[in-house]
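Novice: These came from TrEMBL, pasted as-is:
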{"type": "BINDING", "residues": "H86, H90, H96", "note": "Zn(2+) binding site"}
Amino acid sequence: MAGWIKAALFADGELTVRFVDAEEGRTLNRTYRGKDYSTNVLTFAYAESEDDPVTGDLILCCPVVEKEAAEQGKPLLAHYAHLLVHGTLHAQGYDHEAEEEAEEMEAIETEILGKLGFPDPYQ
């Protein structure tokens, strides 16, 4: 897993990964995003400027990740890799609120995952 994160880091950084259950995932999502449901990955980035090293926490909600992988017919390991890469990009300021941003982020994710031997998560 550390290799997946390292592949997605474009600068020096330190990220912590936590695996949580559905209840904690829901609490964190409600508290920090105002959304009252569990989500697959949450990223908390702490760098205050682009010059700071990348620091942050990646929170993966295991029951959600497992359910999504099964529903989407994806290997569980590939889905975890995708979400760790996705969260790592968020920690570096990437976002997907606008369509153009989403396309850029998805292209970067697909490229990184391909280099790691995983299929395109958006196919």
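The first residue you see is number 1, and the count goes up from there.
Heads up, the Cβ atoms here are built off N, Cα and C, so glycines get one too.
Since the structure is predicted, the reported quantities are computational estimates derived from the model, not experimental observations.
Are these features on the surface or tucked inside, and what touches them?
Specialist: Mapped onto three states, the DSSP output places H90 (Zn(2+) binding site) in helix. The number of other Cβ atoms within 10 Å of the Cβ belonging to H90 (Zn(2+) binding site), over all protein chains shown, comes to 20.
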Novice: When you tally the Cβ atoms that lie within 10 Å of each candidate's Cβ, which of the binding-site residues (H86, H96) has the highest tally?
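Specialist: That would be H86, with the highest Cβ count within 10 Å.
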